[in-house]
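*Asks:* So TrEMBL lists these for the protein:
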- Asp81, Ala82: Ca(2+) binding site (BINDING)
- His367, His372, His547, Ile670: Fe cation binding site (BINDING)
- 2-120: domain 'PLAT' (DOMAIN)
- 120-670: domain 'Lipoxygenase' (DOMAIN)
- Trp105: site 'Essential for stabilizing binding to COTL1' (SITE)
Amino acid sequence: MAKYKVTVHTHNIATATTMNNVFIKLVGEKGESKRTWLTSLKGLFYQDTGSREFDVVCPFSLGKLVLIELDKQPLPLFPQDAWFPSKVVVTTPERGTCQFPIYRWIMDKEVHLFREGTAKRLCDETNNLARYSRELEMKTRTEQYCWDTYKEGFPGSMKADNPLDLPSEIQFSFTKATQFLFTAATGITELKLKGYSDNKKSWKNIDEISEVYLNRTVISDYAQEHWKEDEFFGYQYLNGCNPMLIRRCSELPANFPVTEDMVKPSLRGSSSLLRELQSGNIFLVDYKNLDGLKANVINKKQQHMAAPLVLLYRTPNDKLVPIAIQLNQKPAKDNPIFLPTDSEYDWLLAKIFVRSADFQEHQLNVHLLRTHLLAEVFAIALLRNMPMVHPLYKLLIPHTRYSLQINLLARAFLIADEGVFTQFAASGGEGMNEILRRSLASLTYSSLCVPEDITARGLESVPNNYYRDDGLKLWDIIHRFVEEVISFYYKSDSEVRVDQELQNWIKDIFYHGFLAQECTGIPQSFSTVPEVVKFVTVVIFTCSGQHSAVNSGQYDYGGWMPNTPISLKQPPPTTKGQSTESTMLKTLPDVSTTAQGMSTMWLLSKQSSDFVTLGHYPEEHFNEIPPCKMIQKFQTKLEVFSETVNARNSGLPVPYTYMDPAVVENSVAI
């Protein structure tokens, strides 16, 4: 007789247990066991989380175990319920151990097959039963995960009408769903009770706006105190929630006719514009993506957007300050260039229009498209093309957690026709769709690779650029980890070329994510190991560090509305000398628009209690010792880096925490 010790683990999440009977069958290369009811004198193991051990006895050894079959059946008079097992570990009579990762909900009475978890590519498979199981898994997946087109010119998305349409294993946990809904309801209810969310009047004064705060932070308080200052305005281009637009300027654009006399006072009289351009001390931010767009109508009032050009100067004491602002792209008499030497409210109003333009560009291009929508593309392509035993699945599945559902909710409640962004942002509606199309059309592979992007924008030596410093370090740590794991499984370039599942994955991303645009530079196939390493690094960094950098600071910098107005009620000024405090208050969004914008940014910046930090993998998909050690090494490097970030931040008036590994989530989950 051959005795197999079976240890079944129920995942430690809310509602994971079941009252149903559970049955198992072991399948090996030499035969299979009988279907065995998993019960013992200790009772039904699955009434609590954790693990329980059982014996499965066979008349002979089954040989190398290939897969297990699991099913569950309700007790008489009891309903069918769900169960979330994490893994099954089998100790064989030969004293070997086989692990079967599951990590999915079993909702029905059907028999479910799970492969032995050692990472395998299709070309490694020799067992016909294993190949059949692989084909069956992928057939099910391609039926469950279907591409859809939300709107023409947008990246492909998951075909589902509501969260309940999603496969159960990728839905929010009970904890996440409950907390998300509670947080959203709390913010809206609080604003309604205070009478803000339905108030369509303009603000009477600046101090009145502070009453809308839902939850102050150190940085939001700093923003409230310093939002008018040029140094804080410039600082946000390096370390705010949109550090992606600024670039070094060596030659002024033809449509931005700034003269020497205009900026001479800002250069402290000791230099010239030409000399500073040549020295690399002049920087440009161009919002041409917003040019010519029709602004939204909010509360039956026409809103307004600008498409500014902003010139910034690195001062001798290493501060970055604005020295010229043109609010629209085409030079004209009614499109003056505003300067720090103008009247207080001329200059302040120009900066307000820039900050509002930055909000539109940040939310739609930098945040929504370049993290959320790309993460969804990466996730769908992975789930459609990679079986659970594929090494790339094991490496990347933690970085897809909750991404499909959070994007589905965004399409339903933020950018839908009745969504918050559509109703209350200046770029909502027609403008939103066009910005996303333009952004995707101009997206490049190199801009998703932090080292290449920093070099292309000429930011290698700009002081006090913490997004760059932390981003490059985090990229390097992720890249080294990915390189070790990929090189463990792919010993040569030829192994990459013959891996059809890997090739199908990148092909799906190219066609459905980037709409087959070769100009993006996104690979259509992989030929070498370094190519795979680079792209996988992009995927992990985009879904973790980059999303944190452009998401987590939304309330910090947007909680004080005048610093980041969601919309503006008056058109950009066409002459100088006319603006007053009253002009500014009439231009800022009304009370209800402010309240909706601030509550949404608060919700989207709030960390969930079941947050999983970068580098931590509660689901044990890797069985082999080398990749498990690589993960431990990865975690250690992240911990050391986190200590470095905290030490630096202790001496800063405005700490930069968004790429601290301790607060970076593994996936786009909020």
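Any Cβ shown, glycine's included, is placed from N, Cα and C.
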*Asks:* Quick check: which same-chain residues outside His367, His372, His547, Ile670 lie with their CB within 8 A of the centre of the Fe cation site CB atoms?
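*Replies:* Sorted by sequence, the hits are Leu368, Thr371, Ala375, Ile406, Val550, Asn551, Leu604, Val668.
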*Asks:* Measuring Cα to Cα, tell me the gap between Ile670 (Fe cation binding site) and Ala82 (Ca(2+) binding site) in whole angstrom.
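*Replies:* About 25 Å separates the two Cα atoms.
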*Asks:* Compare the Cα of His547 (Fe cation binding site) against each of the recorded positions Asp81, Ala82, Trp105 and report the nearest.
*Replies:* Trp105
*Asks:* With helix taken as DSSP H, G or I, strand as E or B and everything else coil, how many residues of the domain 'PLAT' (2-120) land in each class?
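*Replies:* For that range the per-state counts are 3 helix, 57 strand, 59 coil.
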*Asks:* Would you mind listing, in sequence order, the residues at least six apart from His367 (Fe cation binding site) in the same chain with a Cβ closer than 8 Å to its Cβ?
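*Replies:* Spatial neighbours, sequence-distant, of His367 (Fe cation binding site): Cys241, Val550, Asn551.
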*Asks:* Looking only at Ala82, Ile670, the binding-site residues on record, which one has the least crowded Cβ, with the fewest other Cβ atoms within 10 Å?
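*Replies:* With the binding-site residues Ala82, Ile670, fewest surrounding Cβ atoms within 10 Å: Ala82.
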*Asks:* Please give the average pLDDT for the domain 'PLAT' (2-120) in this predicted model.
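*Replies:* So the average pLDDT across the domain 'PLAT' (2-120) works out to 87.
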*Asks:* Between the Cα atoms of Asp81 (Ca(2+) binding site) and Trp105 (site 'Essential for stabilizing binding to COTL1'), find the distance and write it as a whole number of Å.
*Replies:* 10
*Asks:* What is the total of other Cβ atoms whose distance to the Cβ of Trp105 (site 'Essential for stabilizing binding to COTL1') is within 10 Å?
*Replies:* 19
*Asks:* From the Cα of His372 (Fe cation binding site) across to the Cα of Ala82 (Ca(2+) binding site), what is the distance in angstrom?
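*Replies:* So the alpha carbons of Ala82 (Ca(2+) binding site) and His372 (Fe cation binding site) sit roughly 29 Å from each other.
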